[in-house]
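*Asks:* I'd like to ask you about the structure that follows.
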Amino acid sequence: MNPIIFIMILLNLFLGTMITMISSHWLLIWMGLEMNMFSMIPILMIKPNPRATEAATKYFLTQATASMLLMLAVIINLTHSGQWTIMKMFNPMASYTMTVALAMKLGLAPFHFWIPEVTQGTPLMPGLILLTWQKLAPMVILYQIYSTINFNLMMTMAMLSIMIGGWGGLNQTQLRKIMAYSSIAHMGWMTAIIAYNPSLMILNLMIYLTMTITMFIMFISTSSTTTLSMSLTWNKTPILTTMTLTTLLSMGGLPPLSGFIPKWMIIQELTKNNMIMMPTMMAILALLNLYFYMRLIYSTSLTLFPSTNNMKMKWKLKSTKLPPLTPTLIIVSTMLIPLTPMMLILD
């Protein structure tokens, strides 16, 4: 792709998200989402092949349907309130439709089917943008209208997302699909707490973004797309592989690491609101995610592959230069837990 065109597409992607995030008028919010969607399609097809075309088509159809439902909810709200600005929705149908539209944008279950397929059909860098930057605009809309969304529907979708995010990744060997199911599960945790404490949702989003960016940067640095290719990195970059595995444990929410912070706070907040079964089920289902992260760790570092010294030397000869922010991202993804009391005060 022409570099100038690519920069213009990235700028349009950035502007679309920013317009959505800073607007209080529904038409501008919708226009920002549309700009964002149309910029993402050529990024998904940056390496044109049939699989990328299929992924971009699936992304377009899903996002266009979600945009249509969002506009329907806005028009229903307009007819009942006479207002285009973000405000309390007077009509239950508008609230219900808005919740479904934003769930489709985010990939919450049962509207999750497109996320693993689209992520798998594109290279690692577009997959990174899809699972990080593309979550910002819908999450900001949810943050602004959290008091008017359909609570029961949102909690049901959150629990379904955590279940499917855990179960879906169990039989996967493709790293991009594993990250996609991980994203579905994390979105479930975020939307489960939004009705009670939206600030916790923002904290969870920030930590999720940091961990996901760290994982994808390390996958890109080692050119790993499958469990098998990741297992061969142990001979080439043992320290980077160790950091990858530590970040995976953090994504699973293992207590000494950063990923434990949002899970701990969300469970605490739900328990304070007299919800016992919901956080219990969420904590149990989080073990499914931890299981397939542990399986990656097992296949990468705890198995001996029948590789000769020649193969090891061949792999060592390929040098990779890490992006400058990688050490910082790794530290933030794994060592934030001492800052938890400060986060509680800010919350």
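Placed from the backbone N, Cα and C atoms, the Cβ positions cover glycine too.
Heads up, TrEMBL stuff is auto-annotated, nobody curated it.
Note that the coordinates shown come from a computational prediction; the quantities given were computed from them, not determined experimentally.
If you look up TrEMBL, you'll see 23-286 marked as domain 'NADH:quinone oxidoreductase/Mrp antiporter transmembrane'. TrEMBL lists 290-344 with the feature domain 'NADH dehydrogenase subunit 2 C-terminal'. Residues or ranges marked as transmembrane segment in TrEMBL: 5-22, 58-76, 96-115, 152-171, 202-220, 240-261, 281-305, 325-346.
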*Asks:* Going along the chain, which residues at least six beyond the ends of the transmembrane segment (325-346) come within the CB cut-off of under 8 Å?
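*Replies:* Here the qualifying positions are 199, 203, 207, 210-211, 213-214, 217-218, 221, 243, 246-247, 250, 255-261, 264-265.
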*Asks:* In the same chain, which residue numbers or ranges, 6 or more beyond the ends of the transmembrane segment (5-22), come under 8 angstroms Cβ to Cβ?
*Replies:* 28-29, 31-40, 42-43, 46, 129, 133, 136-137, 140-141
